[in-house]
Amino acid sequence: MLVDSGAAVNHLHQTEVPPSTPLHRAVKHPYGSKEFVHFLIENGSNVNALDSEGCTPLFWALRGRYSMRSRFPNNNEIIHELVTSGSTVTAIDEDGDTPLHDVPNVKIAKMFLQHGADALAKNKDGNTPIHTASAHGDMDVVKFLLEHGAYLDEADAIGQTPLMLDAGSDLDLLRRLLDRGASVNARTDAGWTSLYHAIQWL
């Protein structure tokens with residue numbers, strides 16, 4: 001009724017933190033409805049609108065992955081709705097992250113790559129998607145990215161490899177990275193090895 005009466009679907013609400021559009025707010029909500037997101041898009045919501053942090057709604061749909069929102073199946077459905085409606089999977093936020101840096105699972109990662117995402121994209125810290133997947137213990141995503149061009153020993157801006165970012169936090173992932181040939185003696189710019197990183201978790 002509000003939209004039919006002319007409510008501005010792309011208005012940037014300054015009272016939001018960060019300021020964002022109704023579509024940003026809809027995808028952030030823990031019980032976000034795919035149907036409502038679809039309704040907003042059908043009525044002119046811009047799927048590539050930027051909030052004050054340079055994030056499109058897709059970024060916010062993805063960033064519930066490690067919070068309570070990740071328990072809700074609507075999250076994947078909303079991500080799919082955004083992408084199939086034209087949301088850009090190569091968008092870059094103010095930190096240099098792309099949506100693939102926040103990918104929640106292999107199914108979504110595959111969809112992103114099919115729509116042109118870059119498995120080697122680096123953010124401002126030099127991290128690629130495999131760095132963030134390793135840091136969060138997502139072995140399935142790590143494996144998928146390796147099969148699609150990611151480098152096992154890719155170094156970020158300070159020389160950290162995916163193995164270093166995981167070291168000690170997820171022993172199963174650590175073991176699998178080593179089994180795949182990750183360099184155990186690679187060093188950061190400060191001279192730290194994976195062993196030094198692992199000691200932080202003791």
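Numbers run from 1 along the shown chain.
Cβ from N, Cα, C; glycine included.
Automatic, uncurated: that is what TrEMBL annotation is.
Straight from TrEMBL, the features:
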- 1-24: region 'Disordered' (REGION)
- 18-52: repeat 'ANK' (REPEAT)
- 125-157: repeat 'ANK' (REPEAT)
Check: What does DSSP give as the helix, strand and coil breakdown of the repeat 'ANK' (18-52)?
Finding: 16 helix, 1 strand, 18 coil
Margin query: Please count the residues of the repeat 'ANK' (125-157) that DSSP assigns to helix (H, G, I), strand (E, B) and coil.
Written below: 16 helix, 0 strand, 17 coil
